[in-house]
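Taking it in order: structure first as structure tokens, then the write-up.
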């Protein structure tokens, strides 16, 4: 996944639209839902291997999902983890049992302790040591084994082996035969150190721990930073020990290791606030994830940021950046951790609020937001202080007590742009036709906006048209929208658009037709008048058909510009066509039943005639063959005739001519062959009788 390349664009767009980059926004509900969908369980409750199952369970728990079948997964762990397992599967099995509080966890742990202790001796890489030592630390923490007291002796010398693999600038090598060092390997080294301290304590390994602490501080300062303030470690090379690389996985591994190490040291690890917020910004700006593994590492890193002894960054978000004065909306600010856990112990102050585009004093300064009891929201009523428009806010967010300030921080001032909307009043609308020379009105009409009244006017090229109206904000002040246009559309479709200028509340447009005859292409006739007023802060933007103007202009002189071709309405050409209504032909009138029955009887007469003719010539079954091929031929011949008669009936009732002819061709051939054989046999028999 091209994490780093995508982050620059995502952050740039995000910061320019809503919040400034000094603040964080927590993981959204949409992102949480998308992450949940990446984890698909199997029939046995697991999510694949023990590693995949652990990652899914950990991720879904961080997402507060109830889609984990704890009983089935515990049974899966109990079946899968035993003394023959490798250290990797054992580690993930123990960790999964810890997450789900499995009843058989102690039994499973006891069975694998010898394997883990033996694995310490044969571990060839940092990853092997990590799986082994961390599993032993988990078993000891929960007292799952009677041999827990011997773990301290078993891990003696582990930190010496870890220290021997140290590289430069806080990086580490995965194994002794490796020449390249990496930040990802350092993350494993820090977690191994934390697990050893959990087992043995800090005092017995003080020198090694100080070395690793210094390396951790050195490494964190070497992180990369993009132009939006996101910090990360970028290693795209996969390693043979721990699998995939990439900025997401490497950065998560390092952050997890450093926070784990800081959690077991008496004085922690000092990391600059900028770094912690930079890592938080990186993991919150990942965007759409491609796999469950990536989702796990993102959530694991955010969990480390949410639970650590270094500094917990707070995220600030707004329920809405558009607030309506008509609906009496209030500014609502939410303070939470990066995963969205509420933080109700904060003090929020609006340091300043400036109206966008105006070089004036702030409309608001040093106003505290009120906290909502039992919630992590903080509100401020805008009605009395804000006019319709856009505002840039700077909000200070800080923990409520000095003690919390050492643990939590919201960073610098939170910057946000909000849009305050309202309904604008439209009044004093007048349309006048003026004398071009004196400027005195020859015709004036006033219109009521609430009734959307229309006027019918007439003018010539020696007159002027003046349109005036007032726009007033909800508080009664002047209001200037982004778009104010007056449109005249000729009956031929040619349009003319004019910008209406303002002076305070008053808007005025004056059109001198004598100077505009060329712009109007000398087109006389009826013009439709429309007033268009719109703005993102205006809740009642409108397009008002003011009426019509019958304009008389002089004839176009020779060489005058021709009117432009009227653009074809795209909706008429490419829009949906009229629905085709299918009209079925009405059934033809059926003849009377008596006539139909009479015709049916007539169709049977040929059959009756055939039967009568056969009986008159003495046809009988006296000479019907009794055995062998002659019998089969005779039966086939009579059966073919019967089938042809049935086909004849079906032709009248159901079949079409082509189907009937196809079937008749087969039946005719069959009847002809069988008839020939049957009649040949009869002729032969008759010849024998005559000869005798």
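Any Cβ shown, glycine's included, is placed from N, Cα and C.
What TrEMBL lists as signal peptide is 1-22.
Annotation source TrEMBL lists domain 'Ribophorin II N-terminal' at 27-306.
Under the heading domain 'Ribophorin II second', TrEMBL lists 315-400. Averaged across the domain 'Ribophorin II second' (315-400), pLDDT for the predicted model comes to 89.
As annotated by TrEMBL, domain 'Ribophorin II third' applies to 428-551. With DSSP states grouped into helix (H, G, I), strand (E, B) and coil, the domain 'Ribophorin II third' (428-551) comes out at 7 helix, 76 strand, 41 coil.
Positions annotated as domain 'Ribophorin II C-terminal' by TrEMBL: 584-685.
Here TrEMBL flags 599-619 (among others) as transmembrane segment. Residues 645, 652 of the same chain sit 6 or more residues outside the transmembrane segment (599-619) yet have a Cβ under 8 Å from a Cβ within it.
The transmembrane segment annotation in TrEMBL covers 631-651 (among others). Residues 607, 624-625, 657, 660, 663-664, 667-668, 670-671, 674-675, 677-678, 681 of the same chain sit 6 or more residues outside the transmembrane segment (631-651) yet have a Cβ under 8 Å from a Cβ within it.
Feature annotation from TrEMBL assigns transmembrane segment to 657-679 (among others).
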For the transmembrane segment (657-679), the distant same-chain contacts (Cβ-Cβ under 8 Å, at least six residues beyond its ends) come to 625, 629-630, 632-634, 636-637, 640-641, 643-644, 647, 650-651
Ranking 27-306, 428-551, 584-685 by Cβ pairs under 8 Å to the domain 'Ribophorin II second' (315-400) puts first 27-306
What DSSP reports for the domain 'Ribophorin II second' (315-400) is 0 helix, 48 strand, 38 coil
Residues in the domain 'Ribophorin II C-terminal' (584-685) per DSSP class, helix first, strand next, coil last, are 79 helix, 0 strand, 23 coil
